[in-house]
Amino acid sequence: MSSLEQARTDLPARPFIDYRDGQLMVEGVSAAELARAHGTPLFVYSQAVMLDALAAYQRGFAGRQALICYAMKANSTLAVLRTFVQAGCGLDIVSGGELERALRAGVEPAKVIFSGVGKTRAEMRLALEAGIGCFNVESLPELDVLSEVAADMGLRAPVSLRVNPDVDAKTHPYISTGLKGNKFGIAHTDALAAYRHAAALPGLKVTGIDCHIGSQITETSPYLDAMDRVLDLVDAIEAGGITLEHIDFGGGLGINYHGETPPAADALWQLLLAKLDARGYGQRKLVIEPGRSLIGNAGICLTEAVFLKPGEQKNFLIVDAAMNDLPRPAMYEAYHAIVPVQPREANGEIQSWDVVGPVCESGDWLGRDRQLAVQAGDLLAVCSAGAYCMSMSSNYNSRGRAAEVLVDGDQARLVRARESVEDQLRLESI
Ligand SMILES: *Cc1c(COP(=O)(O)O)cnc(C)c1O
């Protein structure tokens, strides 16, 4: 196999992000040209990949009452939000900052869902003022405080309780959220009592039920199990006289980073809807909160090889992107495919490299034992970098955050300028 053919097999978002005439293209735009125009590291997103991923969910829900709330913590860049909002999505938020971003992106407040275990009173007030669609509440004290805040404003907060179905999502422990020993949600066994408590509070209006069992889920069975457990609860809650307008089934569907084969969103929902139908809930309003599966494979991060540092045990390829830009390898030992932007012809030069950044941490690596033919000055693309990269980035080592470009066909727009040192220093004083 030539190095070009090898690289092509590693690309997770073909045909939208693919080689043409030996050049990596994002839709109709050359990645090398973008790097020349805007510098590196540079995040580039394909709008076609985003809308294609969304379309799979939309197909899955055809003819149903469903609201797709993009979980914006995956990537909260305004232009990304706007793309999903214009395509009809609501947004799942987890902070007051995300609420502000969501509103600036033009979302209808009624299509905003507020998740998270630690909402402050101030955040609750902001969300109530904005008139969001629902608070996904995760504990009894949160119910009490939210009721108090809403009642003080003369309002009733729409709530759904996030229940913990205690199923194993079979994913990385840091991104599994639906098991007992987990900070998220209300234990399955306590859910009924929590619903009774919520229904009796003056500042709340119980509207739904919610669960979210984890992230990067690549199997169908945890979803089916969780659906059964949630519907058992819905049966019990409604038997107790509390009606639920909607069922929110969270997010968590995985993507292909390195040969994973998660179910397609429409195939998964075909199975879940069959279960809902069989149990008599097929016409209930549905909400979902997908993040990674909508944006993960739409993004790449372009980076330049700074130095080659061959060694006795390891060859290090030092690039200008780092753990502050792409924190997932350091955080979860995550795999991102790394491919050359212009693959070299000569196969003989392929060597094994640990691709690392310049940050002063041994954890600052982007890929290990990667087979690459590379020289200093070459451009590389870190794939599957749309989700939980830019939104998790930091200024560690006083590195400015990367710039971001959104591509639509043969048009490319800079949607976030590179952060300068001045930007970083602006809030400080001596
Ligand atoms: C993070 C999160 C999501 C999105 O998860 P993905 O794995 O990115 O789809 C949805 N709902 C809640 C409550 C979350 O915390």
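Quick reminder: no glycine exception, Cβ is built from N, Cα and C everywhere.
If you draw a 10 Å sphere around the CB of Cys360 (active site, proton donor), it holds 9 other CB atoms from the protein chains shown. Secondary structure at Cys360 (active site, proton donor), as computed by DSSP, is coil. According to TrEMBL, the feature active site, proton donor maps to Cys360.
Of all Cβ atoms in the shown protein chains, 24 besides its own fall within 10 Å of the Cβ of Pro290 (pyridoxal 5'-phosphate binding site). Annotated pyridoxal 5'-phosphate binding site per TrEMBL: Gly252, Glu289, Pro290, Gly291, Arg292, Tyr388, in sequence order.
The Cβ neighbour count for Tyr388 (pyridoxal 5'-phosphate binding site), using a 10 Å radius and every protein chain shown, is 25. The substrate binding site feature in TrEMBL is assigned to Arg292, Arg328, Tyr332, Glu361, Tyr388.
The domain 'Orn/DAP/Arg decarboxylase 2 C-terminal' annotation in TrEMBL covers 46-386. In this model, the domain 'Orn/DAP/Arg decarboxylase 2 C-terminal' (46-386) carries an average pLDDT of 95.
Sequence annotations record features per position, and here TrEMBL assigns domain 'Orn/DAP/Arg decarboxylase 2 N-terminal' to 55-295.
Positions annotated as N6-(pyridoxal phosphate)lysine by TrEMBL: Lys73. Other Cβ atoms within 10 Å of the Cβ of Lys73 (N6-(pyridoxal phosphate)lysine), summed over all protein chains shown, number 21.
Ranked by Cβ neighbours within 10 A across all protein chains shown, the binding-site residues Glu289, Glu361 are led by Glu289. Listed in sequence order, the residues Ala71, Ala74, Ser215, Gly251, Leu253, Ser293, Leu294, Ala387 complete the 8 Å Cβ shell around the pyridoxal 5'-phosphate site centroid, once Gly252, Glu289, Pro290, Gly291, Arg292, Tyr388 themselves are left out.
Residues Gly252, Glu289, Pro290, Gly291, Arg292, Tyr388, recorded as binding pyridoxal 5'-phosphate, reach a greatest CA to CA spacing of 15 Å.
For Gly252 (pyridoxal 5'-phosphate binding site), the Cβ neighbour count at a 10 Å cut-off comes to 29, with all displayed protein chains included.
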